[in-house]
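Peer 1: The following feature annotations were taken from Swiss-Prot:
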- 1-6: topological domain 'Cytoplasmic' (TOPO_DOM)
- 7-27: transmembrane segment (TRANSMEM)
- 28-65: topological domain 'Extracellular' (TOPO_DOM)
- C35-C42: disulfide bond (DISULFID)
- E57: active site (ACT_SITE)
- H60, H123: heme o binding site (BINDING)
- 66-86: transmembrane segment (TRANSMEM)
- 87-92: topological domain 'Cytoplasmic' (TOPO_DOM)
- 93-113: transmembrane segment (TRANSMEM)
- 114-121: topological domain 'Extracellular' (TOPO_DOM)
- 122-142: transmembrane segment (TRANSMEM)
- 143-161: topological domain 'Cytoplasmic' (TOPO_DOM)
- 162-182: transmembrane segment (TRANSMEM)
- 183-214: topological domain 'Extracellular' (TOPO_DOM)
- C191-C197: disulfide bond (DISULFID)
- 215-235: transmembrane segment (TRANSMEM)
- H216, H278: heme b binding site (BINDING)
- 236-243: topological domain 'Cytoplasmic' (TOPO_DOM)
- 244-264: transmembrane segment (TRANSMEM)
- 265-275: topological domain 'Extracellular' (TOPO_DOM)
- 276-296: transmembrane segment (TRANSMEM)
- 297-308: topological domain 'Cytoplasmic' (TOPO_DOM)
Amino acid sequence: MNKALKALGVLTTFVMLVVLIGGALVTKTGSGLGCGRQWPLCHGRFFPELNAASIIEWSHRLASGVSIVLVLSLAFWAWRKVTPVFRETTFLAIMSIIFLFLQALLGALAVVFGSNALVMALHFGISLISFASVLILTLLIFEADKSDKKLVKPLRIGRKMQFHMIGLSIYTYIVVYTGAYVRHTKSSLACPDVPLCSRLNHGLPSHFQEWVQMGHRTAALLLFVWILVAFAHAVRSYKDQKQILGGWIAALAFVVLQALSGIMVVYSEMATGFALAHSLFIAGLFGVLCYFLLLIARFRYESKQRNI
């Protein structure tokens, strides 16, 4: 496969991650209106004023603009080169473009017209899908060489494993939404203790922001347990399937790091590094789970072809 295409895929994935983390930084620092209610200009100018909020918001917009050019280039090039090897390339190319523009549109509308926490939480979720689409498209580009050399072992995914993969992909997105809602309702520090909310009221939440925070923690705990169960199933039954076993090892690592960074967000009183790491690890986890969905689609197609 063309080395330049691989390089473009890696660069585009990195820039999409920068956009995702940049959006989290905008929320963390309250810089959403750093350029006022104007888009794409910043207080009527192309270059921002020299203050932190304006620079953070403008940099996020700049990265988003660069990502549009890169994603369009990658999608078209991958569609031309990789589709003959992997039929799912077309779908991923379209997905990456649609969700990228949807993400940009929501961000622009939020700046110009304002928005509420529910919609802004959705903005992060759409950004996550956009990133995952580009990540998987890049993985396909690298896998195309292995496929040509027939190094990819035929997939075997049972119904139980498919249930874990599909169910966790959907449920993780829900947990992501609750986490984004925590940030946009300013509930990140509503509960100063872990695992209970506080030392008052028997550790139970007593007002809206505490309920939002504890709801997210409960959902995240269930996510951790579910991934642990799926990982154990993979270890028992899929040792010969490196893509699946390796994926679950990565998923478990990401969810552990996600939990630890979430705890440190509370104890560090939302230190920027831990807050951004929290977004980074969930992006990695969601990317792995979306790759599992690709494997399921590929397995079902191959099974159908064998039965014809």
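Yeah, the Cβs are placed from backbone N, Cα and C, and that goes for glycine too.
Since the structure is predicted, the reported quantities are computational estimates derived from the model, not experimental observations.
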Peer 1: So which recorded positions out of E57, C191, C197, H216, H278 end up within 10 angstroms of C42 (disulfide bond), measuring C-alpha to C-alpha?
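Peer 2: So the list reads E57.
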Peer 1: Among 66-86, 215-235, 244-264, which stretch has the most Cβ pairs under 8 Å to the transmembrane segment (162-182)?
Peer 2: 215-235
Peer 1: Roughly how many Å lie between the Cα atoms of C197 (disulfide bond) and H123 (heme o binding site), rounded to a whole value?
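Peer 2: Cα-Cα distance, C197 (disulfide bond) to H123 (heme o binding site): 27 Å.
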Peer 1: Where else in the chain does the transmembrane segment (215-235) make close Cβ contacts, counting only residues six or more beyond its ends and a cut-off under 8 Å?
Peer 2: 160-161, 164-165, 167-168, 171-172, 174-175, 178-179, 181-182, 191, 194-195, 244-245, 247-249, 251-252, 255-256, 258-259, 262
Peer 1: Which ones, of the recorded positions C35, H123, C191, have a Cα no more than 10 Å from the Cα of E57 (active site)?
Peer 2: C35
Peer 1: Sequence-remote contacts (6 or more beyond its ends) of the topological domain 'Cytoplasmic' (297-308), Cβ cut-off under 8 Å?
Peer 2: 86-88, 154-157
Peer 1: Run the contact check on the transmembrane segment (66-86) against the transmembrane segment (122-142): 3 or more C-beta pairs under 8 Å, excluding pairs closer than 6 in sequence.
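Peer 2: Between the transmembrane segment (66-86) and the transmembrane segment (122-142), contact is present.
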Peer 1: Are there residues at least six beyond either end of the transmembrane segment (7-27) with Cβ under 8 Å to its Cβ atoms? List them, or say none.
Peer 2: 34, 56-57, 59-60, 63-64, 66-67, 70-71, 73-74, 77-78, 107, 120, 123-124, 127-128, 130-131, 134-135, 137-138, 141-142, 183-184, 272, 275-276, 278-280, 283
Peer 1: Non-local Cβ contacts of H60 (heme o binding site) (under 8 Å, 6 or more apart, same chain)?
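Peer 2: Expected: V19, G22, G23, L25, V26, S31.
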Peer 1: Around H123 (heme o binding site), how many other CB atoms lie within 10 A of its CB?
Peer 2: 22
Peer 1: Short question: which residues 6 or more past the ends of the topological domain 'Extracellular' (265-275) have a Cβ under 8 Å from it?
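Peer 2: Sequence-remote neighbours of the topological domain 'Extracellular' (265-275) are 24-25, 28-29, 188-189, 191-194.
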Peer 1: What is the interatomic distance between the Cα atoms of H216 (heme b binding site) and C191 (disulfide bond), given in whole Å?
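Peer 2: C191 (disulfide bond) has its Cα 11 Å from the Cα of H216 (heme b binding site).
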Peer 1: Roughly how many Å separate the Cα of H278 (heme b binding site) from that of H123 (heme o binding site), to the nearest whole number?
Peer 2: 17
